[in-house]
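J.: This is the structure, below, for whatever I ask next.
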Amino acid sequence: MYASREDIGYDFGDDSKVGSKPVKPNPNIDGGWAWMIVLSSFLVHILIMGSQMALGILNMEWLEEFNQSRGLTAWVSSLSMGITLIVGPFIGLFISMCGCRKTAIIGGILNALGWILSAYASNVHYLFLTFGVTAGIGSGMVYLPAVVMVGQYFQKRRALAQGLSTTGTGFGAFLMTALLKYLCIEFGWRNAMFIQGAISLNLCVCGALMRPLSHKDIVSEKYIVRSNSEDNQAKVLSHSAETIKSNGVLSEEPEKKEAATNEEVLDSVQHIEIGGKSRSGRNMYGLRILKTVSQLTVTVRKGFAIWYSSYFGAASLFTNRVFVAFIIWALFAYSSFVIPFIHLPEIVKQYNLSSQNNIFPLTSIIAIVHIFGKVILGIISDLPCISTWNVFLMANFTLVTCILTLPLMQTYVSLAVVCALIGFSSGYFSLMPVVTEDLVGTKHLANAYGIIICANGISALFGPPFAGWIYDITHKYDFSFYISGLLYMVGIIFLLIQPCIQKKQPREKSTEEAQV
């Protein structure tokens with residue numbers, strides 16, 4: 001009854017048995033149904049991340065409707081974006097118990113409910129609960145499974161697959177900006193949110209497409225991974241993955257003991273049910289309920305044990321120093337990308353560039369170039385002679401430079417150039433799952449990536465309100481970009497320092513052994 005280990009990306013078996021003999025590659029790995037998973041993830045990114053990137057349109061409507069400060073109103077958008085990502089570690093628990101498919105379907109219903117209820121908002125605080133919290137949690141329950149499933153179905157072309165699926169963010173930002181703008185003009189923002197809620201029900205269809213891999217598929221996948229050389233990966237990332245693997249996840253014997261205990265509980269319930277056939281129908285009904293509760297308890301215990309071991313057990317992800325640096329980077333990075341999307345419409349209005357921006361919005365420029373950035377960076381990262389880690393760092397340096405120079409641009413052409421560079425360099429988002437998987441391994445991807453997007457969520461949660469608060473004080477957005485850019489640079493420095501430390505440690509150890 002419990003979700004399969006294959007569905008949640010974990011493995012507890014003896015790896016040596018897998019690599020003992022060749023296994024015929026399964027067509028669903030790097031092909032076949034894997035491309036349907038990419039399509040599902042692509043649509044999820046359009047409906048969730050794309051619509052969130054278009055919230056600048058609704059933000060202006062809320063400012064006019066409720067007549068609140070920019071800092072307070074910006075909390076609605078930032079809550080939705082932030083909670084979508086912050087709930088990542090807890091969604092990992094749902095995935096462990098229910099699997100990716102059920103989690104995504106439930107999340108689609110919750111997201112649509114949040115949009116529809118927001119159409120009846122009477123004040124900003126009402127939107128905090130309905131749009132920020134309800135829709136945000138629903139978005140998180142769909143977003144994480146969409147990313148994890150692509151990582152499970154692809155090995156040889158992971159970066160390209162993640163790049164293609166996450167281009168939905170760019171397409172979505174472009175399409176949803178135009179759609180929400182049209183709906184707000186024709187029907188008003190309340191009806192626009194109601195219609196968007198109906199559209200969001202398509203997330204349930206996307207979740208239904210997330211078919212879990214069978215045990216046979218996983219065995220084939222593991223053999224393929226072992227047969228391929230990992231020389232193309234950076235030494236730092238390989239060392240980090242070995243750090244996690246050396247600690248282990250859960251020993252096989254305790255798991256078998258727990259499984260045996262659970263089977264005994266279920267068997268005892270079954271015997272009671274058989275012995276009670278002669279009793280009344282009411283007693284039989286009670287026994288069936290008891291059996292269902294017992295099975296549900298087994299499922300919850302199983303999922304919680306897997307989830308807990310990854311975060312707090314012997315195989316804690318936080319023992320990986322490069323992964324911890326990656327988390328620190330994520331705490332500062334995402335706000336630098338979110339702030340322009342939320343506040344660019346206001347900045348354009350300040351510079352009296354509304355007429356030019358109405359012809360071709362700057363946010364649409366970011367969205368369109370963002371699509372090409374994800375695909376191109378994904379293709380480059382998959383080249384044998386290129387390190388994904390180096391491509392990831394170069395894109396980050398380009399983005400932080402653009403964020404720091406954006407306040408200096410006050411013409412439409414210069415702003416368009418900087419926005420195009422922001423869109424292309426932010427394509428590194430497609431590399432984040434790949435880098436995470438290289439750091440911790442495939443079986444830890446769901447929980448590890450959940451932590452990363454949680455850190456991103458914290459950044460997205462406080463970034464836009466902080467920018468609005470700075471504007472309320474200084475009546476300029478310049479300092480918001482400068483401060484967020486500098487914090488972003490601090491995160492990049494952490495990424496650069498930790499790999500150097502990781503490289504030095506083996507050398508120091510070998511020197512000590514030579515002296516002994």
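Glycine residues also receive a Cβ, built from the backbone N, Cα and C atoms like all the rest.
The feature domain 'Major facilitator superfamily (MFS) profile' is assigned by TrEMBL to 37-503. If you look up TrEMBL, you'll see 33-55, 75-96, 103-121, 127-148, 160-180, 192-210, 322-344, 359-377, 389-409, 415-436, 448-467, 479-497 marked as transmembrane segment.
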J.: For the transmembrane segment (127-148) and the transmembrane segment (322-344), decide whether they are in contact, meaning at least 3 CB pairs lie under 8 A, counting pairs 6 or more apart in sequence.
T.: no
J.: Return the stretch with the most CB pairs under 8 A relative to the transmembrane segment (359-377), choosing among 75-96, 103-121, 389-409, 415-436.
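T.: Most contacts with the transmembrane segment (359-377): 415-436.
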J.: So what pLDDT does the domain 'Major facilitator superfamily (MFS) profile' (37-503) average out to?
T.: 77
J.: Can you work out which residues elsewhere in the same chain, 6+ from the ends of the transmembrane segment (322-344), have a Cβ less than 8 Å from its Cβ atoms?
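T.: Those are 53, 55-56, 59, 74, 77-78, 81, 85, 173, 236-237, 240, 244, 362-363, 366, 396, 399-400, 403, 406, 419, 422, 426, 435-436, 439-440, 448, 451-453, 455-460, 462-464, 466-468, 471, 477, 480-481, 484-485, 487-488, 490-492, 494-495, 497-499, 502, in sequence order.
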J.: Assess whether the transmembrane segment (389-409) lies in contact with the transmembrane segment (448-467), where contact requires at least three Cβ pairs under 8 Å among residues 6 or more apart in sequence.
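T.: Checked: the transmembrane segment (389-409) vs the transmembrane segment (448-467), no contact.
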J.: Count, for each of 160-180, 415-436, 448-467, the Cβ pairs lying under 8 Å from the transmembrane segment (75-96), and report the range with the highest count.
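T.: Answer, by Cβ pair count: 448-467.
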J.: Give the nonlocal contacts of the transmembrane segment (415-436) in its own chain as ranges (CB under 8 Å, at least six residues past its ends).
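T.: 147, 150-151, 158-159, 162-163, 165-167, 169-170, 237, 323, 326, 337, 340, 344, 348, 351, 353, 360, 362-363, 365-370, 372-378, 381, 388-389, 391-392, 395-396, 398-399, 402-403, 405-406, 409, 445, 448-449, 452.
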